[in-house]
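The next block holds one structure in the form of structure tokens; read it before the comments.
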Amino acid sequence: MADPSPKPVPLLKDELDIVIPTIRNLDFLEMWRPFFEQYHLIIVQDGDPSKTIKVPEGFDYELYNRNDINRILGPKASCISFKDSACRCFGYMVSKKKYIYTIDDDCFVAKDPSGKDINALEQHIKNLLCPATPFFFNTLYDPYREGADFVRGYPFSLREGAPTAVSHGLWLNIPDYDAPTQLVKPRERNTRYVDAVLTIPKGTLFPMCGMNLAFDRELIGPAMYFGLMGDGQPIGRYDDMWAGWCVKVICDHLGLGVKTGLPYIWHSKASNPFVNLKKEYKGIFWQEEIIPFFQSATLPKECTSVQKCYIELSKQVKEKLGAVDPYFNKLADAMVTWIEAWDELNNTSEQTSSKQANGAAK
């Protein structure tokens, strides 16, 4: 009997890590096996580190719990949230790959309108490898997609586009609503499949959701900090949105693109709106100050790297939002700690200084 033909090698197999935060056994990976099995997984275990998390056989993974985070980061582990899915950003930090895809463990494989399983990861990769159009909106949406192009009146000087740093996917079934909206619309489900990918225009913020998200770690990784949330903090469920606001301001400054739309996943279960309200209620008030802060934030031209941008943003957070609540002073300090830990683990500062030294030698 002839050997079965080898599986086709998926896109970016050796250049992408899948990061999953969890407190439970990862049975959900079985349905993702056709799409994830050939990739490397980084599992960040939240909660009790003595609990054993079971991962289905056949997956290539590394798993980190709170003890590992404390051991690897030492005192700087204080910047990684506990008892909150914000802990996932530790996985971004320890990855050595160019790209990251992160997904929640209650996200299942969705079907497109024809009934075919959606390979969410493949679509994210296509989004990231294709330019974005942040400087001028194309009314046919993604002009690089088959069957589309730049419309009449689109400047030829902008048609090369900009590098894509972030691909933000969406969800069928349970929408990503805040607690008040959950409470007034408990039975609402998203059944609308919109076959489109849009670049979010420069100067426009958006609420980033971390449950179906991919990004270019080399372009924007150090800004993907999900803040201080959960245990011991006055706020939760704003981790991904905080990261999104910081990322968008920095992408705008550095000329990078952020896309939203395809791919969809199937969000299987709604979290408890009353629990969510306890986590969110301060954020619901604070965001009325946070959003104008980010809308008006500007970065000096000296900020030429993501790290420099992020440190500058942390100073502005302390200066402008510190008056809203002392929590923001603590968050600003954690933003600096995060960058220090990122640079230590990734030898960024050493690489930068050696490059500068080599440049000076020439």
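Heads up, the Cβ atoms here are built off N, Cα and C, so glycines get one too.
These features come from TrEMBL:
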- Arg152: N-linked glycosylation site (CARBOHYD)
- Arg152: site 'Required for activity' (SITE)
- Arg159: site 'Required for activity' (SITE)
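Around the Cβ of Arg152 (N-linked glycosylation site), 5 further Cβ atoms fall within 10 Å across all displayed protein chains.
Arg152 (N-linked glycosylation site) and Arg159 (site 'Required for activity') are 12 Å apart (CA-CA, integer value).
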